[in-house]
Amino acid sequence: MKMKIKKFFLILSIVVLLTGCAEERVLEDLGIITTAGFDKGEDGPEVFGTFITYKFSQQLSNVNSPIHSSGRTAQDAFHLAFAKTAKKLVTGQLRAVVYGPDLAKEGIWPHLDTLQRNQFVSDLVYITVSEMPSREVLNAQVFEEAPNVGIYIYRLLDQVIGKEEIVDSSLHEFIKNYLKVGVDPITPVLSIEEDRVIVTGLGLFQDDRFIDTIDLHEAFYVRLILDEFKAGELQIELPTENYRQFMEDFEPSPEEETFEITMQQIKSASQISPKDSGKYHFSIKIRFEGDIRELTKELDLESKEVIHMLEKDMAKKIEENISKLLEKTQELNVDSLGFGTFWNAKFKGDKKLTEEEWRKEYPNFQFDIDVTTEILRHGITQ
Amino acid sequence: MKDQLNIPTHLKFRASYLFFILYNILIGVGIVEYPRRVYNYAQQDSWLVLILVALIAHSIVAITIFILKTYKSTDLYGILQETFGNWFAKLICYLFIIYFFTVYLSALAKYTEFIVVFIFPQLSKFIIGFLITILIAYSIYGGIRVIVGVSFLFFLLTIWVFGLLAVPASMIDTNNYFPLFNLDRNGLLQGLRVSAYSFIGIEVLWFIYPYVRNKDKAMFYSQLGVLAAVVILFISVIISIGFYAPKQLESLIWPVLGMYKIISFSIFERLDIFAVSYWIFIILPNLILYAWLITRSLKRIHQIKQKHSIWAIIILSAIGLYFIQSSIKLEALLDVADISSIFFVFLFPILLFPFAIIKRIRGTKK
């Protein structure tokens with residue numbers, strides 16, 4: 001029995017003493033970075049870094065005071081920031097990285113590679129681009145209940161992506177799309193408005209170079225093709241002309257040429273299949289269903305005829321918008337929707353697209369777009 | 001029948017535990033990097049390669065059990081002694097001991113590498129390795145029943161960790177699997193070669209077989225154990241291919257651990273750190289079984305007590321860990337384990353097979 005007690009205390013002391021062997025980290029002594037921004041330095045090849053950290057003191061919680069530092073690389077800028085704060089900077093809680101437009105236009109892969117190599121950085125970090133230098137975005141003073149602007153940006157993106165407005169843009173997604181032949185990465189674009197950070201659209205990349213932005217309206221169609229909606233929302237403009245006869249019951253004669261219709265609870269599914277016809281030919285089939293939430297003109301929704309007309313016209317409009325979007329990507333030569341991967345998944349050998357061929361041929365890709373829509377309900381009124 | 005092992009009945013265990021032993025010895029550090037290793041050669045058809053290797057592994061298990069059954073109740077040393085005489089049996093067993101030690105050391109070094117890279121970059125591998133070996137020594141002191149118990153318990157403790165892979169599985173890009181059957185002969189052969197490392201551990205049967213109480217069921221449960229390991233390997237390969245971009249998978253050292261980086265719960269944000277720490281429950285039975293194999297073979301040859309020889313292993317592995325601090329040296333060690341596994345796991349039973357058949361034929365004539 002005595003032996004057992006002795007043994008127990010021996011083991012206990014080992015357990016207690018050995019925990020001291022590893023490095024200790026006192027929470028209050030750490031500068032926990034939540035968001036980092038990188039810009040091109042003013043002179044030469046320098047990278048200008050902005051770092052937002054947690055503050056544990058109660059009184060200071062509403063003041064945004066980013067740490068700035070510049071270095072030759074992103075890692076260097078981070079490393080040199082140690083001299084600008086009394087806390088030990090750590091990256092384990094990094095939630096978002098913002099790249100300034102100048103830097104992003106030159107390519108962000110070298111900077112992403114450092115992030116990826118760092119085991120402490122999560123793969124779920126949001127990668128974003130800003131319209132103005134990132135230091136201005138991170139200098140925003142309004143960040144609602146969030147403890148700092150970094151967390152605010154994270155919550156903002158979480159909310160926007162959760163609402164199915166834009167596609168996911170984690171570090172993992174970006175790296176995956178960058179490294180894959182046949183698809184280009186996309187990221188959200190951040191801007192600043194009345195001292196608060198906002199999402200303005202999606203940034204299209206060619207490889208790792210930021211090329212252009214599309215607005216949130218167009219971003220809807222990116223998602224429509226790439227992903228499926230479970231509860232999306234869409235506003236569409238339709239010509240009044242065809243519907244005049246159904247509007248007469250409500251108002252004499254509408255003057256506007258067009259009216260708006262808003263769809264909610266959109267469920268969608270898309271299917272992209274390459275076709276072998278000597279050219280790079282793709283058929284895009286989209287099934288789309290939802291509820292009417294808003295009409296700017298009153299329509300007789302009782303009649304089946306109107307519903308069918310609406311369905312048909314909406315489908316046509318969506319097809320138009322998609323082909324506009326695709327034309328835009330072809331002009332910019334960015335295959336953000338990844339048609340190249342669909343091609344390569346179907347064909348092997350000589351027909352497979354190499355990286356160069358894909359870049360060269362993408363502007364000549366041909367698309368057949370076929371959208372079918374269905375209106376399920378029209379709210380709680382007729 | 002000069003060398004029949006008489007294992008006391010209280011040390012024997014039921015055949016169903018072979019399932020846990022084989023599963024545990026097959027699933028270890030290897031699985032963490034297996035998807036990348038096989039993908040380098042076989043690309044999107046990696047899963048096909050895995051199925052082929054699995055079929056080979058299943059037949060190797062069948063051959064091994066067939067040989068063991070022929071010789072009734074003895075282990076590898078006994079079989080070799082009866083067939084080839086004393087000194088040759090000793091030689092082969094020594095080779096096995098060296099091989100076991102290489103595998104043991106590479107697994108230990110690999111796991112300490114995870115800890116250093118993911119959690120404590122400043123900690124010496126030596127300290128982590130030392131702490132783990134204390135646990136191993138404890139199990140060896142406990143004897144075979146503790147080791148079997150550990151296998152059983154840690155199977156239940158760890159099997160759900162692979163269930164978490166459902167999260168990356170939901171982010172799969174199905175385009176990555178196509179076109180199917182794009183494999184050339186070279187890719188297939190190289191893929192088969194690197195897959196061998198994942199099947200290191202089947203040799204445990206050579207030494208643990210005499211401890212099985214109901215030997216008629218041994219075949220069924222060991223095949224089942226191998227099958228369970230194959231299923232886990234298959235899942236990890238399939239998810240890795242779909243989850244990563246091709247170039248990404250080729251460049252990631254530990255794709256399976258990397259997939260845990262994408263899992264995040266509101267109360268537990270970084271599952272990868274949890275996964276790395278929790279992986280010790282996967283590694284430990286593995287290491288314990290190898291340590292047992294080494295000490296057991298030493299006991300068979302020289303009657304050295306296992307409680308003594310385990311300290312030799314601890315000291316030797318500490319020295320080993322001291323010398324393999326860098327990942328390049330570790331890779332070199334893994335390559336040795338890799339190549340030797342092809343002989344010890346796959347070729348050796350086939351070489352022994354004819355002798356077992358001859359013995360059976362002679363036996364029936366008498």
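Every residue, even glycine, has its Cβ placed from backbone N, Cα and C.
Residues annotated as transmembrane segment in TrEMBL: B:15-35, B:47-67, B:87-107, B:114-140, B:146-167, B:188-209, B:221-245, B:274-298, B:310-328, B:340-358.
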Where, among B:146-167, B:188-209, B:274-298, do we find the most CB pairs under 8 A to the transmembrane segment (B:340-358)?
B:188-209
Between B:15-35, B:47-67, B:114-140, B:188-209, B:221-245, who has the most Cβ pairs under 8 Å to the transmembrane segment (B:274-298)?
B:114-140
State, in range form, which of B:114-140, B:146-167, B:221-245, B:310-328 has the highest count of Cβ pairs under 8 Å to the transmembrane segment (B:87-107).
B:310-328
Apart from its near flanks, which chain residues at least 6 from the ends of the transmembrane segment (B:146-167) lie with a Cβ under 8 angstroms of it?
13, 17, 20-21, 23-24, 139-140, 232, 235-236, 239, 259-260, 262-263, 271, 275, 278-279, 281-282, 284-285, 288-289, 292
Stretch contact, the transmembrane segment (B:15-35) with the transmembrane segment (B:221-245), Cβ-Cβ under 8 Å, 3+ pairs:
yes
Against which stretches of its own chain does the transmembrane segment (B:114-140) lie, if we need a Cβ under 8 Å and a gap of at least six residues from its ends?
29, 32, 108, 146-147, 150, 254, 257, 272-273, 276-277, 279-280, 283-284, 287-288, 291-292, 295, 306-307, 310-311, 313-314, 317-318, 321-322, 324-325
